[in-house]
Amino acid sequence: VIRIPLHKFTSIRRTMSEAAGXVXXLIAKGPISKYATGEPAVRQGPIPELLKNYMDAQYYGEIGIGTPPQCFTVVFDTGSANLWVPSIHCKLLDIACWTHRKYNSDKSSTYVKNGTTFDIHYGSGSLSGYLSQDTVSVPCNPSSSSPGGVTVQRQTFGEAIKQPGVVFIAAKFDGILGMAYPRISVNNVLPVFDNLMQQKLVDKNVFSFFLNRDPKAQPGGELMLGGTDSKYYRGSLMFHNVTRQAYWQIHMDQLDVGSSLTVCKGGCEAIVDTGTSLIVGPVEEVRELQKAIGAVPLIQGEYMIPCEKVSSLPEVTVKLGGKDYALSPEDYALKVSQAETTVCLSGFMGMDIPPPGGPLWILGDVFIGRYYTVFDRDQNRVGLAEAARL
């Protein structure tokens, strides 16, 4: 088993808002949405390339690319399937490129040229560059705290030459390492974990995430490749079958707010996504949900809850496979401090993901933080158990 310590940073959305001042400006303009509403031009297949909102991604770990390894911080993202990092050849006008580590193929003895161009479409522009092949080490430099790393040979990844807009400039991470199914991989590139399985580098084809919800705690969490660790959860794991092998998609029976409201009535589909920090659902249903927890709209789909009311709010229960996964108001109300004031943001956000991929609910870090999550590629299922409070 390989353990990768995860570090928690303030999300870009919060960092930007701190730069912008006032709570009203909390929400960055025009979020870069991974679940883009349009159908991208590139993909002729049946799957729209739903793209993602990294404004809130908060958990990162380190990987190495090349020989000797060049280190990068990446978001280990179960809601996408490609690996990309900034390239040394990025455009001068690409400011995001100035603020991050860049891959230099000249410095790697294991680099193999590919050169195919790639585009990943986002709500606010597209990320583009070309593909290259090299060795990927996870973690970058195995240390005493995370011994035993793994080296994946011949991994194809994207060297980003152009990154859109202001979003990536403020990002604390250099790139993204996608851990979803190959089916949603841009250019049909084999994802890192698939390559790892083919090269038989782990005993079991599973990986699991522990995300520490205590913002001050270090490490911020742990990604484990090839197994699970019972010190991170209580009780036993319950497994839920993947219903469509693209995202880590499972069936959700319903979602209840106390005893006053049920949404996703009659069942719906949900994806478990480590690269999204909130719980996201269809706009109309989330609007009702926010009303039921007394949240008031901010802007761009986010809502605020008066902090003094948090302790008296109802539990929210996600029902999966007949089992109740409860979230207390402390789990779903996020405290954000700014200068002298602390505001509480609702951990739910509305966004409509169009067919054929959608409609979908997204169970992001708010959910995964409370429930230790195991992603099982051998049996195509997601395991959940209550996370231990370390």
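Placed from the backbone N, Cα and C atoms, the Cβ positions cover glycine too.
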Which one is it, CYS90, CYS97, CYS140, that Swiss-Prot ties to CYS71 with a disulfide?
CYS140
Regarding the disulphide bond with CYS97, report which of CYS90, CYS264 Swiss-Prot records as its partner.
CYS90
Specify the nearest of the disulfide-bonded residues CYS90, CYS97, CYS140, CYS344 to CYS268 (disulfide bond), where nearness means the distance between Cα atoms.
CYS344
Count the Cβ atoms, other than its own, that fall within 10 Å of the Cβ of CYS97 (disulfide bond), considering every protein chain shown.
21
Sort out the sequence-distant neighbours of CYS140 (disulfide bond) for me: same chain, 6+ apart, CB within less than 8 Å of its CB, listed by position.
GLU62, ILE63, GLY64, PRO69, CYS71, PHE72, GLY149
Check the Cα-Cα distances from CYS97 (disulfide bond) to the recorded positions ASP77, ASN241, ASP273, CYS344 and tell me which is shortest.
ASP77
Of ASP77, CYS264, CYS307, which recorded positions come within 10 Å of ASP273 (active site), going by C-alpha to C-alpha distance?
ASP77
